[in-house]
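Features reported for this protein in Swiss-Prot:
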type	residues	note
TRANSMEM	21-39	transmembrane segment
TOPO_DOM	40-401	topological domain 'Mitochondrial intermembrane'
BINDING	Ala103, Gly104, Phe105, Asp106, Lys107, Thr127, Asn184, Asn215, Lys258, Ser288, Gly311, Gly340, Tyr361, Thr362	FMN binding site
BINDING	Lys107, Asn152, Arg153, Tyr154, Gly155, Phe156, Asn215, Val216, Ser217, Ser218, Pro219, Asn220, Asn289, Thr290	substrate binding site
ACT_SITE	Ser218	active site, nucleophile
Amino acid sequence: MDQDHLKNAKNATRRVGRLRSLGIVTVGGAALVAGITAYKNQDQLFRTFVMPAVRLLPAEASHQLAVLACKYRLCPVSQYHDDQNLHTSFFGRMLSNPIGIAAGFDKNAEAVDGLQDLGFGFIEVGTVTPAAQEGNPKPRVFRLTEDKAIINRYGFNSDGHQAVLQRLRLLRKKENFNGVVGVNLGRNKTTMSPIADYVQGVRVFGPVADYLVINVSSPNTKGLRDMQSKEKLRELLEQVNDTKSSLDKNKNVPILLKLSPDLSLDDMKDIVWVIKRKKSRVDGLIVSNTTVSRENIEKNKLAEETGGLSGPPLKARSTEMIAQMYQLTDGKIPIIGVGGVASGYDAYEKIEAGASYVQIYTALVYEGPALVEDIKAELSALITRLGHTNVADVVGTNSKFYLPK
């Protein structure tokens with residue numbers, strides 16, 4: 001077969017695949033819309049009907065459907081009133097609660113309004129790359145249902161900087177929108193200048209974001225995690241901070257660093273050395289990304305799939321690492337804790353280990369939108385029951401307990 005015929009065949013196959021995905025999402029979407037139209041605001045419907053039905057779809061198709069549901073604001077609007085003890089400061093902004101949606105759900109800033117409807121205190125979009133890219137070949141998302149976990153190897157599929165920027169600009173123009181939105185920055189798969197990709201991200205999104213995340217910890221882009229090494233990270237963060245200081249607008253935008261849970265203690269010490277230096281400092285940490293480890297999961301053929309594991313099997317390791325980073329930084333660098341949070345109790349553990357804020361994602365896939373209210377209500381009750389006035393009073397109070405034994 002000559003090259004032109006081969007290229008045409010590949011393009012035809014790709015179009016068929018896209019049409020098939022569109023069909024799956026459209027049919028699933030029709031069912032979802034019908035259910036919501038009839039029973040909107042009844043959380044029990046989501047748990048007993050909508051979520052099980054959505055999970056019958058292929059994992060990536062159900063993800064696309066969930067994004068569409070939030071994009072068109074079809075999910076129940078939260079009626080929960082955040083208790084005063086959940087209110088907390090977030091890099092100069094006030095949050096009504098410390099629970100956020102992690103990057104990876106709304107990769108392209110399409111669903112921010114709908115996510116805010118669910119009651120999140122802050123929203124992180126991305127990962128966003130400079131140029132649009134499709135990511136890794138499909139299938140690339142796998143549910144480990146028995147563990148309520150997910151393995152993904154998306155590979156930074158992204159609409160690119162300019163498309164996401166336009167959406168965020170439109171969002172900021174809305175009179176009734178006052179949400180806290182962070183942008184998670186990545187590099188293109190084929191880039192020859194990885195640092196330049198992050199620098200460009202700071203330049204593009206610095207003026208419109210409430211915070212920026214330097215993501216060098218995804219396991220699904222070759223060579224990315226190498227950028228967590230001491231000298232490479234120092235060089236990257238120095239250039240990021242130089243770019244931030246040169247911004248015409250919002251030059252105090254907080255810079256956060258997202259870390260892998262697979263780092264050794266020596267790796268963590270090297271990172272702390274870097275981020276304590278003035279030129280390569282960061283304003284916060286996100287602990288942690290997905291893991292390549294397959295510990296704490298049931299025997300399952302899907303567990304052999306390549307990619308990052310998220311959900312309950314990651315919970316203990318991410319909490320342990322939060323405690324380690326809290327201790328190594330003397331509690332002076334705010335931490336967003338993420339990994340396996342599925343309840344208010346899980347969130348409380350992350351916070352007493354050293355996290356000031358908590359993000360969720362995988363549990364939302366299994367439990368549905370009512371989970372956000374459930375986590376907040378349980379967390380608020382725990383704070384009161386255990387004798388604290390505010391969530392900020394809990395941060396790091398039991399950090400040493402979670403350190404490796």
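Glycine is no exception: its Cβ is also placed from the backbone N, Cα and C atoms.
Pro219 (substrate binding site) sits 12 Å from Lys258 (FMN binding site), taking the C-alpha atoms as the reference points. A C-beta separation below 8 Å, combined with a sequence spacing of at least six in one chain, links Ala103 (FMN binding site) to Glu124, Val125, Gly126, Thr127, Gly182, Asn184, Val213, Asn215, Lys258. Ranking the recorded positions Arg153, Gly155, Ser217, Ser218, Asn289 by Cα distance from Gly311 (FMN binding site) puts Asn289 first. Separation of the C-alpha atoms of Phe105 (FMN binding site) and Asn289 (substrate binding site): 13 Å, rounded to the nearest whole number. Between Tyr361 (FMN binding site) and the residue listed as 'active site, nucleophile', the C-alpha separation comes to 15 Å. Taking every pair among Ala103, Gly104, Phe105, Asp106, Lys107, Thr127, Asn184, Asn215, Lys258, Ser288, Gly311, Gly340, Tyr361, Thr362, the residues recorded as binding FMN, the greatest CA to CA distance is 20 Å.
DSSP assigns Tyr361 (FMN binding site) to coil, not to a helix or a strand. For the binding site of substrate, formed by Lys107, Asn152, Arg153, Tyr154, Gly155, Phe156, Asn215, Val216, Ser217, Ser218, Pro219, Asn220, Asn289, Thr290 according to the record, the largest Cα to Cα distance is 17 Å, rounded to a whole number. Comparing the binding-site residues Arg153, Lys258 on other C-beta atoms within 10 angstroms of each C-beta gives the minimum for Arg153. Calculated from their C-alpha atoms, the gap between Gly155 (substrate binding site) and Ser218 (active site, nucleophile) amounts to 8 Å. Separation of the C-alpha atoms of Ser217 (substrate binding site) and Lys107 (FMN binding site): 16 Å, rounded to the nearest whole number. The two recorded residues, Asn289 (substrate binding site) and Ser218 (active site, nucleophile), have Cα atoms 6 Å apart. Within its own chain, the residue listed as 'active site, nucleophile' has Thr127, Phe156, Gly186, Leu224, Arg225, Asn289, Thr290, Gly308 as residues 6 or more apart in sequence whose C-beta sits under 8 angstroms from its own. Long-range Cβ contacts of Lys107 (FMN binding site) within its own chain (separation 6+, distance under 8 Å): Val125, Gly126, Thr127, Val128, Tyr154, Asn157, Ser158, Asp159.
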